[in-house]
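Residues or ranges marked as coiled coil by TrEMBL: 145-172. Taken from TrEMBL, the feature compositional bias 'Acidic residues' covers 84-95. The region 'Disordered' annotation in TrEMBL covers 67-95. Taken from TrEMBL, the feature repeat 'WD' applies to 1-24, 25-66, 244-284, 325-359, 420-461, 462-503, 504-536.
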Amino acid sequence: LLCSSGKDALVKWWDLNTQHCFKTLVGHRAEVWGMALISEEKRLITGSADSELRVWDITYIQEVKDPDEPESKKSKGTSPGAEENTEDDETLVSDECPEERLVKCSKVGSIIREGRDRVVTLATDRTGKILACHGTDAVLEVFSILSKEELQNKLEKKMKKAKKKAKQDSEEEPERPVELSLQEEIQRVTNIKASSKIKSFDLILSPKGELKIVLLLQNNIVESYNLNLSAQVLQAVRASKITIGGHRSDVRTLAFSSDNIAVLSAAAESVKIWNRATLQCIRTMDCEYALCSLFVPGDRQVIVGTKTGKLQLYDLASGSLMETLSAHDGAVWSIALSPDQRGFVTGGADKCVKFWEFELVKDESSLQKRLSIKQVRVLQLDEDVLCVRYSPNQKLLAVSLLDCTVKIFYVDTLKFFLSLYGHKLPVLCMDITYDGTLIATGSADRNVKIWGLDFGDCHRSLFAHDDSVMYLQFVAKSHLFFTAGKDSKIKQWDADKFEHIQTLEGHHQEVWCLALSPNGDYVVSASHDKSLRLWERTREPLVLEEEREMVRVASF
């Protein structure tokens, strides 16, 4: 049997043999967000959008036939003379509704939660002795479910008390049978307040009676609590906390160091440097809301462009912020290193493209020279700048604008050269091949267009993703490129043959950005599912026909 709940405020029972819904439970006023089976699957607890946990008794019915029944009756309809037994056969069929033959459900009562919002997670531990639930807040409510022996002992004590009371009141014993209330069977243990809103949890009850609880919080922190159930005062103690490992918010920018070893990831609150080989975080630095980033040549410093329009320069050895510059009046959407490695270019929401150069300045505190950056030129445009890229020979600069076009300018004179027009929505990402012959643009209209950089003609338009194309980058020394989309997929394409090569599936939500290592062997991607994923190129040959066949099979 399968039990399911949904936003239609119903709980349904399904027979997996017949693949048929045979029973529907009504009684909820809103969506049923959580369910748990307790007491050896003889009770069902449902959590809805209100503060009630509804408790249902489950009775499993098996059709038991008389063992002395003749074979002719058991195999009805198999012999020609079976018609004369129709009256007797009807006595074997229950008068109840067919749905009542497998399961009977009756509501026992309700347990009132302290939380007033909807249930997010409702679950028990493996032994079925502990039930816990939480809403959209930071409080986990823990309940204890009494076993059969504990219920029997409690009932006997209650009956003794009732008899004593009856003897004191009058000589006659009470006629009413003594029963345990639902609140006595399922007792509230305690509430655990986490440091942030709870996303999910799990429980383990040790044989010694100690309850271990692990909480995953909305800000990507994992907290562990211990609760001694045999203590007189029940108080949950936080045992450990995992905080520094990953980011607290979505990673919006990634970059590889020139030696393929270090990976930079930046989010709304911090910049982290990871070792690609060990997957360990080796440096964490506080920052503003980051949108773009790069390693300074030499890999000793990094530059981060922020949502507030600032450029932040960090030193990796000390993990300190060396300099902050107000670069743009709006968000710094894109940053690109110049091919001669002497500077970089930034594009922002203030409709400007700014050119920067690295310089060495004397540090006032240590009297030693340190790296700094200075602005050398500005290109004013009519629309917000979303993405900027240099051609490998540093002669051309491609600028993606909010008006859905990509403008190509000469770097030396900043004169207009080409306009790439064709996307229906703004171009969010683009890249130019190592030989400067092709430019690929990815747009919010879900398409990737491949253009020639000599005349600005569109070679091919590819329907790339089921949602916006968020990032695009060519593999070094090739015309292969990767795209990342809001449809949670990463895809590899051939810009010469206009073919889809492979799809990398692993992320569960939108992929915001990716970065390719300079040698082309590694791809790192960041997603809304709060994960960074590292992909490695294998030596195994890829047969396109086999890949397409697998896609066709999966689509059916």
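Glycine residues also receive a Cβ, built from the backbone N, Cα and C atoms like all the rest.
TrEMBL labels come from automatic prediction, so no person has curated them.
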Residue list, the repeat 'WD' (1-24) vs rest of chain: Cβ under 8 Å, 6 or more residues beyond ends. 30-35, 37, 44, 46, 48, 98-99, 102-103, 105
What is the number of residues in the repeat 'WD' (462-503) that are helix, strand and coil, as DSSP sees it? 0 helix, 25 strand, 17 coil
Given a Cβ distance threshold of under 8 angstroms, which distant residues of the chain, six or more beyond its ends, lie next to the repeat 'WD' (420-461)? 386-387, 389-393, 395-396, 398, 400-408, 467-474, 476-479, 481, 483, 485, 493, 495, 498
Please work out the mean pLDDT for the residues of the repeat 'WD' (420-461). 94
